[in-house]
Amino acid sequence: MDAGSDMMSPEKSGRRGARPPLREAGSISMPSMPPLQEPGSRPRPYMPSLCSTPRNPAVKCYGDRFIPDRSAMDMDMAHYLLTEPRKDRKNGATPSPAKEAYRKLLAEKLLNNRTRILAFRNKPPEPDNSILTELRADVASVQARPAKKRRYIPQSADRTLDAPDLVDDYYLNLLDWGSANVLSIALGNTVYLWDAASGSTSELVTVDEDDGPVTSVSWAPDGQNIAIGLNSSAVQIWDSSSNRLLRTLQGVHESRVGSLAWNKSILTAGGMDGKIVNNDVRIRDHAVQTYRGHSQEVCGLKWSGSGRQLASGGNDNLLHIWDVSMASSAQSAGRTQWLHRMEDHSAAVKALAWCPFQSNLLASGGGANDRCIKFWNTHTGACLNSVDTGSQVCALLWNKNDRELLSSHGFTQNQLTLWKYPSMAKMAELNGHTSRVLFMAQVTFARSLCFVAKFETHTVCTTDGLWLSFVEPLQSPDGCTVASAAADETLRFWNVFSEAPKSAVKEKTSQSRMFNSYNHL
C-alpha cells in the first residue's frame, strides 16, 4: 500500500487480519498506534475513507458505499470495544460529561426519552365475556345441527299395471293425470280411467274404427272433463263422471291431433298438419286463434303457469314460444306469429316442461338424433344450458317441491333419470321398463294427501245446451308420484318426488305387496 492511502486493495486486504511475523509466542496482538494521537488515549478503530476520489490513482475506487469484509476486521479490537462498557459499569467508572450529554441528546431525539422501545407496562385488557359466550353458543349450535340427509329414492316402481295395445308412437300423447286423482290412458281405440284413490278401473269410451285410434288425451283443469284427440282430426270433450260426450270439435285440422293442452276454458290442439288452434269451448265458433310456424306434425304442447305463453315442439326439429297477445284471429297462411323460434335441436321436440319455480324457464328434450335436454329463457329466447343424455328424450317433468327434473328415455336403457337443477348432476336412474318410456304424467291433486286446496269455479253453458264447469286451482297441490307408460305395454308408478327421507329398508306390508303385483286394466 502506498503511504497516505486510506483504502486497501482487495488483494492485500486479506493479509491484514493475519498474525504478523517475528512475534513472541503468546504475546497479545495490539493494533499499532496511529499517528498524531496522545499517549494513553483510547485507540480509534480503523475506518475507511468515504471520499469518492482516491489519493492514489492506482487504487480502485468503490464509491461511497462501504461493504465490510470480515477478513479485514480486527477481531481483538472489536471484542475490546464491545466489552468495554460492561467493564465500566462493573467497575463503577463515571462516563465523561461529553459522553453523558451525547447519550441524553440521543435519547431525547431518537428514543423520545423512552428507556425501552418494547415495554409492556400494562396487561392487555380482558376480552368481553358476553362476546365469547355468544361465539361459543354459535359454534355449539352449528356443531349440534345435524347434517342434511340424502333423500332416499326408491329404485323400483311402487305399482305396475298392464297396458295392452298401447300404441308405440313417439309423436302421440296418450297419458294424463287429472286434478281429481284419476289417470287416463288411451289403449288403441279405448280410453280407460284409473282411480288412484280406490284403485278401480273404468272404460270411458271406445271410438269407431273410422275415427280411431285415440292419439291424445288431456284433462281439463276441473279434473272432470277430458279432451280426446282422434286420428280422424276431430277432438271430443267428455264428462268423466257420467261418461257423456259433451262436444265434438271438427273442421279445424286436416289430419290427426297428437297433442292437446288446456288454458282455463281454452283447449289448444296441435295436429299433424302443423297447425296449432286455440278452441274456446264456451262458444259455437270455437276456433278463436291459430298459431302457424311448424311445417310438420306438432307433437308437444305446454302452456306456462301464467297462461301467457305457449311452448310447441314439432317433428320439424323446431321449438316455438307463442304469446297470447300475438295470436292471429284470421287464419292467414304464412304469417309468422311466434315470439321466439329455436332451431338448436337436431331431432323432433316432444318433451316440454315449464319450471314451477321460475316462470320464464322452459326445459325441452330432443329425439333420437338429438338426445339433449335444453333450458331456455323464454323472455329472451336464449339457450341457458344443454345436456347430452345419451338417448332419446321422450318426456320431462319438474319436481314441484325441489329443484329437480325427471326425464324418460328410449334406447338403450329405457330408463327414468332424475337430475339436480341447475348442476344437472344425476341423482338416480330408475330402471324397470324394457322398451322406450314414451309418456309420463304427474299427479296434480291427490285426495289421499293431507292437503286442502281452494278452487274458483266457473260454470258456462255451451251452444249444445250442456253445462261445463271449469275449476281453477288457486293453490298448487302437492305431487310426488309419477306414472310412466312405455312401449312394453306396462304402466308403472314411481315415488320419485317424495320430499321426506325414507329408510332404505321398508317393512313389507300387504299394501306394498299389492303395489308390486300386476293388474289388468
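Numbering starts at 1 and runs along the chain as displayed.
The backbone N, Cα and C atoms fix where each Cβ goes, and this holds for glycine too.
Among the features that TrEMBL reports, domain 'CDC20/Fizzy WD40' is placed at 161-454.
Among the features that TrEMBL reports, region 'Disordered' is placed at 1-51.
Marked as repeat 'WD' by TrEMBL: 207-248 (among others). Per DSSP, the secondary structure of the repeat 'WD' (207-248) breaks down as 0 helix, 22 strand, 20 coil.
Under the heading repeat 'WD', TrEMBL lists 291-332 (among others). For the repeat 'WD' (291-332), the model gives a mean pLDDT of 88.
Below 8 angstroms of C-beta separation, residues 170-173, 258-264, 268-278, 338-354, 356, 359, 362, 364, 366, 370, 376, 378, 381 of the same chain, each at least six residues beyond the ends of the repeat 'WD' (291-332), sit close to that stretch.
The helix, strand and coil residue counts that DSSP assigns across the repeat 'WD' (291-332) are 3 helix, 20 strand, 19 coil.
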